[in-house]
Amino acid sequence: MQNNYINFKKERDLGAIISDTFMFIREEYKPIFRLYLKHVGWLLLLVVAASTYYQYQSLSFTGNILEGGAENFLFELISTSGIALLLMLLSSLAYSALSITTINSIIKSYVKNEGVIKDEEVSQYIGLFFSRTLGSFVVYIVLIFIGFLLCILPGIYLFVPLTLIFPIIVFQEKSFSEAFSECFKLIRQNWWITFATLLIITILVSLISGLFSIPLVVISALETFTSLQEGAGTPGTANLASNWLYMTLYVLASLAQYILGLATLVSIALIYFNLNEFHNKTGTLEDIDRIGS
C-alpha cells in the first residue's frame, strides 16, 4: 500500500468528500489524465467540435431574427444546424457514459490494488461496463426528464439516488435493474446530505469552469456595445461567428468544462463508498478480516 493511499472504503462527511476528491486528483493526476485521454480523448475532441460547430451556426444566423423574423430564423437554424445539434447530443451522450465508466474503472483498479492503477485492468473494466453504463445513462436521462416534467421536485428527488447507479454498476458489477434497486437502499437516511454534497460539488466545479467563460462574456459585451454605438442593423453577437478569438476561447472553455467535470465523477464515487460503508460496513469488515488473517 502506498503512503499517500486514499482509502475510499470509509465513511466521510461532506467536507471530507470534497477535500478527498481534489486530493485524489492531485495525487493521481498523471494516470488519471493519461488513461482519460487514451480512452476518452477522441470523443472529447468530437463533442467539443460538434458543440463549437453548433455554436458557430447559431451565431451566424442571429442576424436573421431582424432580417426575416423569428419564424424564418428558427426554421433556417434548425434546417441548417440540425445535423450539428444531433451530432452534439449523441456525442455528448457517448462522452458522458465513457467518462463515467473510465473514471469509475480507474478508481476500481486503484482500490483493488491499494493505490496502484493498472492500465490493463482499466481497459478491461471499460470493456465490461461501458455498454451497461451507456444504456443506464439513457434511462437515467429519461427518468430525470419525466421527473422534472411532472413537477420539478420529483426530478430533483430522483436525481440524487439515480446518480449512484453508475458507481454501483462498476464497483458492485450489477445490472441496471439491480443497481436501480440498490441505489434507493443506499440513499435511505442520507438523501439530504447526499443532495447537499452533490449541490456543493456542482457549484464549485461550475464556478471554476465559469472562470474560463469570462473572456467570452467580455467579448460578447464589447461586440454588443460596439454594435449599439454604430447603430448596426444586426445584434452584436451576430459578428461573433467570424471572430476567431471568440471561437478559440469558446473551444478552450468547452475543453476546460468537460475536463473539470471529472471532479464531479470522483466525488460521486466517494459518495457511493461513503453510503455503502454507512449501510454495509464493507471496508470495516475487510479490515477485520485482514487483521484476523
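Any Cβ shown, glycine's included, is placed from N, Cα and C.
Any TrEMBL annotation is an automated prediction that lacks curation.
Noted in TrEMBL for the protein shown:
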- 35-56: transmembrane segment (TRANSMEM)
- 83-104: transmembrane segment (TRANSMEM)
- 125-146: transmembrane segment (TRANSMEM)
- 152-171: transmembrane segment (TRANSMEM)
- 192-219: transmembrane segment (TRANSMEM)
- 249-273: transmembrane segment (TRANSMEM)
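Below 8 angstroms of C-beta separation, residues 81, 84-85, 87-88, 91-92, 94-95, 98-99, 102-103, 106, 117, 119, 122-123, 126, 241, 247, 250-251, 254-255, 258-259, 262 of the same chain, each at least six residues beyond the ends of the transmembrane segment (35-56), sit close to that stretch. Taking Cβ pairs closer than 8 Å, the transmembrane segment (152-171) reaches residues 100-101, 104-105, 107-108, 111, 125, 129, 132-133, 136-137, 140, 143-146, 178-180, 182-184, 186-187, 191, 194-195, 198, 268-269, 271-273, 275-276 in its own chain, all 6 or more past its ends.
Below 8 A, the CB atoms of the transmembrane segment (192-219) and the transmembrane segment (249-273) form 3+ pairs separated by six or more positions in the chain.
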